[in-house]
Amino acid sequence: MAEKTENMTTKTEPTDVSNGASERVSIEHVVPEGVDIALGWFEEMRTIPAAELDAESMAVRRRCDWILMPIICITYALQFLDNAVLGYAYAYGILEDTGMTPSDYNWLASIYYFGYLFWAYPSTLLLQKLPVATYTTVLIFLWGVLTFMCCVAKSFTGFAILRFILGCLEVGITPTMMIITSSFYKREETPVRNSFWQSSFGTGVVVLSIVSYGLGNSHSTISNWKLVFLFVGAVTTAWAAVFYFLVPNTPTEARWLTRRQKLVVIHRISTNKIGIKDKKLKPYQIKEALVDPKMWLLCAFQITNGICNSSVSAFASPLIEGFGFNSLQTVLLQMPTGAFVAVIEPVLGYIATKVPNTVIWISIAANIPNVAGLFGIRFITRNPHNKWALLGCTWLQFIFGVTNLFSWTLTASNFAGHSKRSFVNAAVFASFGVGNLIGPHIFFPSEAPVYESAITGLLVCFGLSITFNLCLRAYMSHQNKKRDRAFANGEIQGVDGELEGFYDKTDMENKAFRYVL
């Protein structure tokens with residue numbers, strides 16, 4: 001793709017897409033300040049009748065589903081496993097082998113999110129400057145190397161340093177996956193696809209539980225927890241090469257799309273109206289974000305959500321072991337939690353796609369099983385006869401992941417203007433990091449294995465999450481109704497929806513923008 005020029009120059013005539021040589025021809029064009037370089041492709045796309053592009057839209061979308069989605073799913077699953085592997089190492093005696101205490105484990109679980117929080121905004125700035133797929137490839141390779149290095153760490157200090165750096169690297173993965181998804185799909189198509197790749201960590205949990213169980217029975221001279229780190233690190237490092245080869249920085253660079261198919265993708269995403277990538281930072285958009293109630297409600301939600309997330313991720317093993325199961329059983333019995341996620345999240349994402357404006361309602365409904373499970377863990381008597389009931393209540397905690405997924409969807413879909421969206425992404429992810437940092441520290445070692453204070457705290461967090469979601473929906477619904485009335489009264493004139501989407505306007509500037517509820 002051609003580089004943006006300093007000043008406006010003359011555009012060449014669109015290339016003849018029927019000519020096979022056009023596959024190798026760059027489109028030289030000039031773009032006004034604030035317009036993405038893809039405008040040249042956009043203009044070429046507009047020379048093709050919309051009916052033709054619409055007729056090919058489904059076939060191109062299926063091709064993206066079969067090639068791009070599996071890659072994103074596997075990448076996200078590996079990112080989750082590189083973090084979650086600490087819980088499996090706990091079950092296999094990492095504390096005893098390294099001389100660490102339960103309090104040290106709490107800090108290892110949270111220090112990952114110190115890195116996450118520390119690097120959230122720098123990562124967003126790098127995403128604004130660097131090619132998204134290339135940047136992601138580097139992250140994948142480096143976090144695979146760091147997972148390998150956990151095998152040679154011998155103390156709390158060594159593990160803490162590795163976990164901190166791992167958090168810095170992995171903070172960029174969810175934003176990059178969302179950017180890549182939104183670069184190939186319409187806004188209304190993204191919830192179900194986001195749910196597929198977000199739920200892929202469930203499949204990863206199933207696979208890692210089976211592999212970890214096998215490694216636990218290997219009778220190797222290497223400690224079982226080290227074998228788990230070696231396995232995850234090896235797979236992740238190798239996957240970086242696959243990702244680099246198959247995932248493009250932009251749709252126009254996709255090896256697996258013809259030029260015609262690339263134009264169809266541009267036609268499909270041109271109606272998203274979320275603005276384009278503009279490397280120039282626009283302070284007025286940052287100021288707008290700071291006074292936008294949507295951002296603060298999403299940040300508050302993500303703090304409570306993050307507390308629940310790190311608690312469930314880090315303390316599933318200690319809770320299950322506390323019910324009366326041995327270490328091998330503890331590892332294997334985490335497998336159904338992954339199956340829950342892998343099945344339920346795509347189903348809920350599909351419903352959100354097919355039934356308009358149900359994202360927040362479904363997110364709220366997904367909290368109900370978590371609350372029921374927490375009440376069970378808190379009040380069911382701890383004895384050998386009830387350990388399976390307590391285990392079932394623990395499995396229910398993993399359903400809440402869909403609320404996390406929908407929060408990212410709401411963030412990606414309801415903020416326009418590249419600088420504003422980048423800033424909001426950084427703020428929301430930083431809030432998620434703060435919550436995850438807090439989570440492990442509400443589990444007091446003196447209360448093990450019941451953790452009464454932690455269970456009570458999680459119940460409060462779920463209640464607050466529901467409240468923040470309700471407030472967010474009420475606000476965005478009110479804004480949509482105001483715009484509908486303005487259109488009906490002729491106060492807002494219609495705009496060219498496709499072209500409008502290629503200018504770097506915020507959701508407040510673009511009066512045709514409607515919020516996803």
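Backbone N, Cα and C atoms are what each Cβ position is placed from, and that goes for glycine too.
Predicted automatically and left uncurated, TrEMBL annotations should be read as such.
Annotation source TrEMBL lists region 'Disordered' at 1-22.
Under the heading compositional bias 'Polar residues', TrEMBL lists 7-21.
The transmembrane segment feature in TrEMBL is assigned to 67-93 (among others). Listed by sequence, the residues of this chain that lie at least six past the ends of the transmembrane segment (67-93) yet keep a Cβ under 8 A from its Cβ atoms are 105, 108-109, 112, 136, 140, 143-144, 146-147, 150, 163, 166, 170, 173-174, 177, 180-181, 184, 193, 196-198, 200-201, 203-205, 207-209, 212, 216, 223-225, 228-229, 232-233, 235-236, 239, 242-243, 246-247, 256, 313-318, 321, 327, 330-331, 334.
Taken from TrEMBL, the feature transmembrane segment applies to 133-153 (among others). Within its own chain, the transmembrane segment (133-153) has Cβ neighbours under 8 Å at 75, 78-79, 82, 85, 89, 98, 126-127, 159, 162, 165-166, 169-170, 172-173, 176, 180, 226, 229-230, 232-240, 243-244, 247-249, counting only residues six or more beyond its boundaries.
Away from its own ends, the transmembrane segment (160-184) comes close to residues 64, 68, 72, 75-76, 79, 82-83, 86, 107-108, 111-120, 123-124, 126-127, 132-133, 135-136, 139, 142-143, 146-147, 149-150, 153, 190, 193-194, 197, 247, 250-251, 265, 268-269, 272, 274, 408, 412, 425, 429, 433 of its chain (Cβ-Cβ under 8 Å, at least six residues beyond either end). If you look up TrEMBL, you'll see 160-184 (among others) marked as transmembrane segment.
Per TrEMBL, the feature transmembrane segment maps to 196-215 (among others). Counting same-chain residues at least six beyond the ends of the transmembrane segment (196-215), those with a Cβ under 8 angstroms from any Cβ of the stretch are 69, 72-81, 84-85, 88, 92, 177, 181, 224, 227-228, 231-232, 328, 331-332, 334-335, 337-346, 349, 398, 401-402, 404-405, 408.
The transmembrane segment annotation in TrEMBL covers 227-247 (among others).
What TrEMBL lists as transmembrane segment is 331-352 (among others).
Within its own chain, the transmembrane segment (359-377) is flanked in space by residues 191, 308, 319, 348, 351-352, 389-390, 392-397, 399-400, 402-403, 406-407, 409-410, 455, 458-459, 462-463, 465-466, 469-470, 472-473, 516-517, which lie at least six positions past its ends and keep a Cβ under 8 Å from the stretch. If you look up TrEMBL, you'll see 359-377 (among others) marked as transmembrane segment.
Sequence-distant contacts of the transmembrane segment (389-411) (same chain, at least 6 residues past either end, Cβ-Cβ under 8 Å): 174, 178, 190-191, 194-195, 198-199, 201-202, 298, 301-302, 305, 308-309, 312, 316, 319-320, 323, 325, 333, 336-338, 340-341, 344-345, 348-349, 352, 359-360, 362-363, 366-367, 369-370, 372-374, 376-377, 380, 382, 424-425, 428, 432, 462, 465, 469, 472, 516. The transmembrane segment annotation in TrEMBL covers 389-411 (among others).
When Cβ-Cβ distances below 8 Å are used as the criterion, the transmembrane segment (423-443) is approached by residues 106-107, 109-110, 112-114, 116-117, 120-121, 123-124, 167, 171, 174-175, 285-286, 289, 292, 295, 298-300, 302-311, 314-315, 318, 404, 407, 411-412, 415, 451, 453-454, 457-458 of the same chain, each at least six residues removed from its ends. Residues or ranges marked as transmembrane segment by TrEMBL: 423-443 (among others).
Per TrEMBL, the feature transmembrane segment maps to 455-475 (among others).
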Cβ under 8 Å, sequence separation of at least 6 from the ends of the transmembrane segment (331-352): give me the contacting residues as numbers and ranges.
87-88, 91-92, 191-196, 198-207, 209-210, 212-213, 216, 316-317, 320, 325, 358-359, 362, 366, 391, 394-399, 401-402, 405-406, 409
How about long-range neighbours of the transmembrane segment (455-475): same chain, 6 or more residues beyond its ends, C-beta under 8 Å?
293-294, 297-298, 300-301, 304-305, 307-308, 311, 360-361, 363-364, 367, 370-371, 374-375, 377-378, 400, 403, 410, 442, 517
